[in-house]
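I have placed the structure first, in the form of C-alpha cells, so that the comments after it can refer back to it.
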Amino acid sequence: MEFSQKLYQAAKPIINDIYEDDFIQKMLSGDIGADALRHYLKADAAYLKEFTNLYALLIPKMNSMNDVKFLVEQIEFMVEGEVLAHDILAQIVGESYEEIIKTKVWPPSGDHYIKHMYFQAHSRENAIYTIAAMAPCPYIYAELAKRSQSDHKLNREKDTAKWFDFYSTEMDDIINVFEAIMNKLAESMSDKELEQVKQVFLESCIHERRFFNMAMTLEQWEFGGKVND
C-alpha cells in the first residue's frame, strides 16, 4: 500500500465524524443558517490567503519543474477558481462574497490550523511535512463531496448541493499531485520519520473538523471569558 493510502486509511474515522457533524449535515439538507455561512466564508477567506502563501513556500522545496509549474497553477486556482464555491454560499446568504469578507474574522480554530501548517513549512526542509499538513484540506473536501453524491439526504432542491458538486471534482488534480510527491519522498524515509508525517497529516484532519464546527458555533476569541448574568 502506498504511503498516501495509509494516511487516508488512518484518517477515515475523522472524516466520518466530520460528515456526521452539524455543518455537513445542515449543508446536505440545505437548512444551514446564514450566520454560519457568513462566519465560514469570512474565516475561509483568511485561511485560503495563507494557504496560497504556503504554496509559495513549497516551491523552493520542489525538485521537479513540473511540480513547480503545478503549484503556480494552484496559486491561481486558490485566487480565482475556488471563489466559485464561495459564491454559491454567498448567494444562499443573499449577499455578495466580496461584501461578506470585508469584515475579517480570525477565529481560534483557523488560527491554530494555519500555524500548524506554517510550522511544518518553516521548521522542516523536507517538503513532505508541509504537504502532509496541507493535503487534508483538498482531500477531505473531495471525500465529503463525493460521499454526498450518493447520499439520499443531499437535497437537490437546495443550492447547497452545488457546493458539494463543485468539490466532488475540482480537488482531484491537487490531490493526485500531493499523493505523487508524498509517495516519492516517503520512499527514502525511515519508519519513525513516516510516523511523524502521519501525525502531521492527522493533526490537520482534526483541524479541518474544528474549522467546520467553528462556523456552526460562530467561534470567536473570548479574551475576557464568558459573562454569566
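For all residues, glycine too, the Cβ spot is worked out from N, Cα and C.
Per Swiss-Prot, the feature substrate binding site maps to Asp44, Tyr141, Tyr167. Every protein chain considered, the tally of other Cβ atoms within 10 Å of the Cβ of Tyr167 (substrate binding site) stands at 19.
A helical conformation is recorded for Tyr47 (site 'Increases nucleophilicity of active site Cys') in the three-state DSSP classification. Around the Cβ of Tyr47 (site 'Increases nucleophilicity of active site Cys'), 21 further Cβ atoms fall within 10 Å across all displayed protein chains. What Swiss-Prot records for Tyr47 is site 'Increases nucleophilicity of active site Cys'.
Close to Cys137 (active site, nucleophile) in the fold, though at least 6 residues off in sequence, lie Phe51, Ser204, Glu208, each with a CB less than 8 Å from its CB. The feature active site, nucleophile is assigned by Swiss-Prot to Cys137.
The active site, proton donor annotation in Swiss-Prot covers Glu208.
Of all the Cβ atoms in the protein chains shown, 20 others lie within 10 Å of the Cβ of Asp44 (substrate binding site). The 10 Å shell around the Cβ of Glu208 (active site, proton donor) contains 22 further Cβ atoms across the protein chains shown.
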